[in-house]
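Novice: What TrEMBL records for this protein is below:
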DOMAIN    185-549  domain 'UvrD-like helicase ATP-binding'
BINDING   Gly206, Val207, Ala208, Gly209, Ser210, Gly211, Lys212, Thr213  ATP binding site
Amino acid sequence: METDFQSAYQEEESRLNATIAEIDRQLERLGGIPVYTGHDFTEQVLEAGREEKRQALAKSLQEPYFGRLDFQEGSGERKPLYIGKIGVDQAEVGDHPMVIDWRAPVASLFYSFTGGEETASYEAPEGIIEGLVYLKRNVVIRKQILERVADTYNRESDQPAVSDEFLVYRLGENKDNRLRDIVSTIQAEQDRIIRAARNTALIIQGVAGSGKTTVALHRLAFLLYQYKDQVSADKMIIFAPNHMFLDYISDVLPELGVGDIQQSTFADWALQLLGLDLSLADNEETLRYWFETPGGMPEITDNVPGRFKGSIVFMQMIRDCLSSMESSSVPPGDFMPWEGATLARETILHWFNEEYKPYPLAKRKERVMARIHRWIEMELKKSPSAAALKDRKKKAAQREKSYANKWPKYEPLLLYKQMFKAVKTTGGWPEEALSGIPAAVLKSTQSDLKKDVIREEDLPALLYMHYLLNDITGEQRFDHIVIDEAQDFSPFQVAVLDLFVRGHSFTILGDLSQGIHAYRGVHSWEEMSSLFAPENTAYFALTRSYRSTMEIIEFANGILENGVKSDLLAVPVFRSGNPVRILPYHTGEAGRVRSLQEGLQQLAGGDYRTVAILTRTLSDAARLHEQLAPGIPDLHLIDGGKKAYEGGLSVLPVYLSKGLEFDAVIVADADLAHYGDQAWDAKLMYVGCTRALHELWIMHEDAVPQYLNNPQEDIVTSGWK
């Protein structure tokens, strides 16, 4: 076996050297061609192609590929296929590619083939291709040096396959402050999502650590490769929960060679599209109400503001109200620009209700007023004298302006204020429609709007009004939308976004077990899937967790089983680590601070690059940072306003940690004084525990919630290392 390994290593080292030499030759040749800066269009296109080739080769030079697949198509010749992040062709046109792009159809075999099948197949443009896989090999190359060779399948070997060995090796690496690509370790179930059809709303339920965010980013790269003539990067967008999360994922797409994709929060995008020059209400007030109320989370019903304003019921209410406004849009009475000239209201109604009916309300009003202006111009030509013409022009200008002011003002924010009676005039909103708004929602929103305060939960309604009043332009429509942490989105948000994307092309991903913002998010994926026709949606479940050790995953599963009664449990990859530690503080407040300081220093003193203390609330995090910072000056406080995750040592509230991961985590104050026994508290604890890759410590002063009374045998419940 040792001889086989040496032979394989030498073979791959020789192949790597040849590949690097060929890439160097091609770069040298391209470097010898002067860069074209002229105005000839054909030459500009050729230069753009050369520059794209230069960049691709430069990216490939340090790590040309990560895998090898020996495949025999039908009765043809057996060929070694090398798979990399970026495809590299031979210098001679028509030769077999040196490196195949991971997104190419044949490369799907590298991810889908697990070794149990007699034959393998993949879908190519010309149809289904079948054949035999002889070898599946993972390689690790760093800075042009071959570091590792691992065969996960060999048809001609008697040795058993070790399909997870390479994956476990890569998962054992420590984290820095950025999410990384996973092209070398994409699993079969992830690959099916990445390569799913474009015009489909994919809904992905993924357990913590299942790689759902990374899978979504790789799906964007695949769509740009597979449908390059139909989609473009600048017409794709990723919606993430906050700016820190956007910073955390910022390196993945450039690593995959697709760096022009838009990345935003829903609120930032909505405010820009609406053109509203205002700031949203500080979200911290909402977070304090839901996360820092003594005794646990307040009761959530469908009539709390976030749930109601995010509902399809509210969306329908707005549509019905705007439809009812049509009948009262045209001002009463005929239009008389001067005495003796009359434009009958019936004529204006015909223009508005018949001729311009296909247009949205604001456009219809514009076209009717333009038509009235043209009618005035025609009537003015009938003036008997210059003096009469002058007099009529003056009167017509005044009366035309006065008539225009009698029409409703089709501005989303103004109409929204009228809807909630936050301004004196109701603008024609029907009273019976307004009666459907819960009294508490009406009161709180009315109070906000009178002070010009807009909350994030108001944005779907304003966007929908904008759409109904103005429609949207082609520039505003996306080719594909990714929604991360989608369990925190409302159905109304997704329904509005569907108006802004072609062909229901979504990747919607989240985890109901991490639904800690249930006061505004969904409680089941049916709330999302019901927005689309069955043929336009697909559901995937990712249950394998690649983030944490077996010990951490099994402990976190216990929290869900005992505290949430959930069956959305993670299946761990076989990667064992240290036991979870549930440790009491030293005595008193000084003992608490000393315990956390010692724990943080002990974990940071090892090989871990990123260590976090997670607190129940933001005020807890701020106070703890103040207490620990004198002894640990490089400790970062992460609050809601932070726009970049800096890695290293951090303290932050658990609800801001969602989507992030750390080498080691300390969950502070994990006792009944801070976490209740409700399902929501258990979800919050689950989020905190599943941030840890290698090491998890739970620290407490008093009795812990019942869902932490985990029967695992190897949990350490006392003592310090």
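If you go along the chain as it appears here, the first residue is 1 and each next one adds 1.
Here the Cβ of each residue, glycine as well, is placed from N, Cα and C on the backbone.
In TrEMBL, annotation is done automatically, which means it is predicted and not curated.
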Novice: Quick one: what's DSSP say for Val207 (ATP binding site), helix, strand or coil?
Specialist: coil
Novice: Within 8 Å of the centroid of the Cβ atoms of Gly206, Val207, Ala208, Gly209, Ser210, Gly211, Lys212, Thr213, which other residues of that chain place their own Cβ, given that this set defines the recorded ATP site?
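Specialist: Neighbours within 8 Å of the Cβ centroid, excluding Gly206, Val207, Ala208, Gly209, Ser210, Gly211, Lys212, Thr213: Asp511, Leu542, Ser545, Tyr546, Arg547.
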Novice: Within 10 angstroms of the C-beta of Gly211 (ATP binding site), what count of other C-beta atoms is obtained when all protein chains are considered?
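Specialist: That number is 24.
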Novice: Summarise the model's confidence over the domain 'UvrD-like helicase ATP-binding' (185-549) as a mean pLDDT value.
Specialist: 89
Novice: Under a three-state reduction of DSSP output, how is Thr213 (ATP binding site) classified: helix, strand, or coil?
Specialist: helix
Novice: Across all chains shown, how many C-beta atoms besides its own are within 10 angstroms of the C-beta of Gly206 (ATP binding site)?
Specialist: 26
Novice: What count of other C-beta atoms do you get within 10 angstroms of the C-beta of Lys212 (ATP binding site), across all chains shown?
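Specialist: For Lys212 (ATP binding site), the 10 Å Cβ neighbour count is 25.
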